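Enquirer: Below is one structure. I have some questions about it.
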Amino acid sequence: MSTVTITDLARENVRNLTPYQSARRLGGNGDVWLNANEYPTAVEFQLTQQTLNRYPECQPKAVIENYAQYAGVKPEQVLVSRGADEGIELLIRAFCEPGKDAILYCPPTYGMYSVSAETIGVECRTVPTLDNWQLDLQGISDKLDGVKVVYVCSPNNPTGQLINPQDFRTLLELTRGKAIVVADEAYIEFCPQASLAGWLAEYPHLAILRTLSKAFALAGLRCGFTLANEEVINLLMKVIAPYPLSTPVADIAAQALSPQGIVAMRERVAQIIAEREYLIAALKKISCVEQVFDSETNYILARFKASSAVFKSLWDQGIILRDQNKQPSLSGCLRITVGTREESQRVIDALRAEQV
């Protein structure tokens, strides 16, 4: 009788892997969900495609063309995928040899870069950001040997600030002919002037990640994009699954990216920015809040006295925030998604009542 278990049959790196702790996986029984940087209210769409007996297009033409027009790039510079998370993984699969190459990222930042690399068996290297959360370019330069993909989130999740554009240029020069630089622009709709999409002609090794999950209010759709030069896109097409977007997803995405859909998105962004400033101003006056950091996104990072107790107290009241204590340099920090005015008021009232 064999004593080998199913777990024994698994790859060693998978057995040792800690899965990404998404907001939904962490759970909670709240009624004020401010932990996943989602848009706070639902948007409505009507399905127009009824051909569910047929496989969808591999790269739906209407979605690609609409997004290219919106982003100011050519259709051949756009790849659509199951969320930006799939784009993160595709870039590693296309450019990194497991057991040989490495990726590099700069914590505190988004957690899926490391999870995607570790799943595939690719080494992760980290260069923590400077005290102002900008790139440590010297540190990156020192660790670039063997690195094939560098991930930089801007605006950065969870800190909320933009990376200095001159630092991006320096990084792109450092990596020219050596590695792909990936600018994760999941939150760029909240600061569109900072996008690097206009740099693609200048830097053939630049790739940009985008999503419909944030400003487009479609987190449940799972639709993201990679913007890059055609040579990069063609390589990604070799490793992507044949039908990444279902017909209903492609249908809704095309509607969201129509001229009317873009107008509606920009109205949502203006509303969220106004609410963000209201919440920042209120947080700065609350005694348990030590520091509120500037944000270019739909969330706010703040440092609290007794942050773990504050987090649990609000959790028990049904207000679910995102604890960032385990991230480098974020001791005492909680991240708060900007929600509705009613949700902001629930947070403000609960924090004012904290005795710490």
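Glycine is no exception: its Cβ is also placed from the backbone N, Cα and C atoms.
Swiss-Prot lists these features:
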{"type": "MOD_RES", "residues": "Lys214", "note": "N6-(pyridoxal phosphate)lysine"}
Enquirer: What are the non-local neighbours of Lys214 (N6-(pyridoxal phosphate)lysine), defined as same-chain residues 6+ apart in sequence with CB under 8 A from its CB?
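Expert: Counting only residues 6 or more apart in sequence, the Cβ neighbours of Lys214 (N6-(pyridoxal phosphate)lysine) under 8 Å are Asn37, Glu38, Tyr39, Ala186, Tyr187, Glu189, Phe190, Asn298.
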Enquirer: What does DSSP assign Lys214 (N6-(pyridoxal phosphate)lysine), in three states?
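Expert: The three-state answer is coil.
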